[in-house]
Amino acid sequence: MKKKAVILLSGGPDSTTVLEIVSKTDYEIYALSFNYHRRNSLEVQKIQGLIKDYNVKQHRVINIDLQSFIGSALTDDNIDVPKFKNTDQLPSDIPVTYVPARNTIFLSYALGVAEVIGARDIFIGVHTNDYTNYPDCRPEYIKSFEAMANLATRVGVNGEKITIHAPLINMTKEQIIKKGLELGVDYSKTISCYDPTEDGLSCGQCLSCIARLDAFKRNNVQDPIKYV
């Protein structure tokens, strides 16, 4: 019997690269995505298209309301998504696009799904560039959540270890794109933008777009998605 894996899938290049990596193993894949605000609704639409390229046993989209977490540009309509011209302008501290406890919420859902379906492996696409800005993307956080998962679940208490996998944790965005291209990821079906237009164009100026464009440029490859 195949082992089961839960993958957090956002529709961006990082989680899609993780999906590609896991798809080349013997895991039976259960993908989990979240619809939490209008600004990420396009991500959910994109996922429906890209997931058809993979042998995914089940894909769940969880609707959750994170708008009560005011103070983040990704959940608060009163805060504009910051725009930049290049990587030199990107913030070195925690940006306003940080969503309080987001990965803790997402991983908690993934943990619940894993217990229900009998999975012991959870995959997430955090990486080096992420944990420069987002505290819930750091290696220490991943290790701590894994420790909590094994203390707070029936399977963990019974000695069936739950593992949180972050296969990109030591990679930069540039290295992730390089790896994905080598594996054959179709990045035209992904989106990174924090502030896309209603017709699906990426803004090209938010933190995520700037980082994505820079990663493709460093790989001497044209980003296949459309920008404003």
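Cβ coordinates are placed from backbone N, Cα and C, and glycine is handled just like the others.
So that you can see what the record holds, here are the features copied from Swiss-Prot:
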BINDING   LEU9, SER10, GLY11, GLY12, PRO13, ASP14, SER15, THR16, THR17, VAL18, LEU19  ATP binding site
BINDING   CYS193, CYS203, CYS206, CYS209  Zn(2+) binding site
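Taking only the Cα positions, the spacing between CYS209 (Zn(2+) binding site) and THR17 (ATP binding site) is 17 angstrom.
Looking at LEU9 (ATP binding site) and CYS193 (Zn(2+) binding site), their Cα atoms lie 15 Å from each other. Excluding CYS193, CYS203, CYS206, CYS209, which define the Zn(2+) site, the same chain contributes VAL81, LYS83, SER192, TYR194, ASP195, PRO196, SER202, GLY204, GLN205, LEU207, SER208, ILE210, TYR227 within 8 Å (Cβ to the Cβ centroid), listed in sequence order. There are 22 other Cβ atoms within 10 Å of the Cβ belonging to GLY11 (ATP binding site).
Cβ proximity to the ATP site centre (mean Cβ of LEU9, SER10, GLY11, GLY12, PRO13, ASP14, SER15, THR16, THR17, VAL18, LEU19, cutoff 8 Å) flags the following additional same-chain residues: GLY125, THR190. Neighbours of LEU19 (ATP binding site), defined as other CB atoms within 10 A of its CB across all chains, total 24. The C-beta environment of PRO13 (ATP binding site), restricted to residues of the same chain at least 6 apart in sequence and closer than 8 Å, consists of ILE176, ILE177, GLY180, VAL185, TYR187, THR190, SER192, ARG212, ALA215. Sequence-distant neighbours of SER15 (ATP binding site): residues of the same chain at least 6 apart with a C-beta under 8 Å from its C-beta are ILE7, LEU8, LEU9, ILE124, GLY125.
Counted within 10 Å of its Cβ, the other Cβ atoms near CYS193 (Zn(2+) binding site) come to 26, all protein chains included.
For the binding-site residues listed here (LEU9, CYS203, CYS206, CYS209), the lowest count of other CB atoms within 10 A around the CB belongs to CYS203. Closest to CYS203 (Zn(2+) binding site) by Cα-Cα distance, out of the binding-site residues GLY11, THR17, LEU19, is GLY11. Across the structure, CYS193 (Zn(2+) binding site) and GLY11 (ATP binding site) place their CA atoms 11 angstrom apart. For CYS206 (Zn(2+) binding site), the nearest of the binding-site residues GLY11, THR17, LEU19 in terms of C-alpha separation is GLY11.
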